[in-house]
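A.B. asks: Sharing a structure, written as structure tokens. Questions coming.
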């Protein structure tokens, strides 16, 4: 009898662990609907809609945390890219611009990390503020390539635009959470 009870409890616990997150997951149609409210639907569907963590997301707070994580991943990838391309920019303007981007991506990384931590605490206004600061640092990295000297093509435009678009998604989710 005791063995049957233990087996039954293990089965129910396993069932709860496996089924509970899925049963309470945010429906995929809600993610599609959210993405349709963004300025770049295919981008949103690519980065949020296909994220393997989305099926386990219970609510918009979890989706917000995933979007912040996606931003942090883009920032980290850009930082790695900076290290790879830095030697291609040996002129004074290129070196200065790469250093501005390296510094700004350091700021963005720290801000998105803290935003994620505050998102866990549901401190949404602080999340919004930090996501803006991180995004503005990335935007400045894009803009520095057009300031103070000859215009150059930024080697980080891909990452800069991804962070900018993810920021729009973060702000959209933020607005839904606070209104």
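Along the chain as shown, the residues are counted starting at 1.
Keep in mind that glycine also has a Cβ here, set from the backbone N, Cα and C atoms.
Below are the features I grabbed from Swiss-Prot:
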type	residues	note
DISULFID	35-44	disulfide bond
DISULFID	101-141	disulfide bond
SIGNAL	1-25	signal peptide
A.B. asks: For 35, 44, 101, 141, listed as disulfide-bonded residues, tell me which one has the smallest number of other Cβ atoms within 10 Å.
C.D. replies: 35
A.B. asks: To the nearest whole angstrom, state the Cα distance for the pair residue 141 (disulfide bond) and residue 35 (disulfide bond).
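C.D. replies: With distance taken Cα to Cα, residue 35 (disulfide bond) is 26 Å from residue 141 (disulfide bond).
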A.B. asks: Fill in the CA-CA distance, residue 44 (disulfide bond) to residue 101 (disulfide bond), as an integer in Å.
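C.D. replies: With the alpha carbons as reference points, the distance is 25 Å.
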A.B. asks: Can you give me the Cα-Cα distance between residue 35 (disulfide bond) and residue 101 (disulfide bond) in Å, rounded to a whole number?
C.D. replies: 29
A.B. asks: Using DSSP and three states only, what is residue 101 (disulfide bond)?
C.D. replies: helix
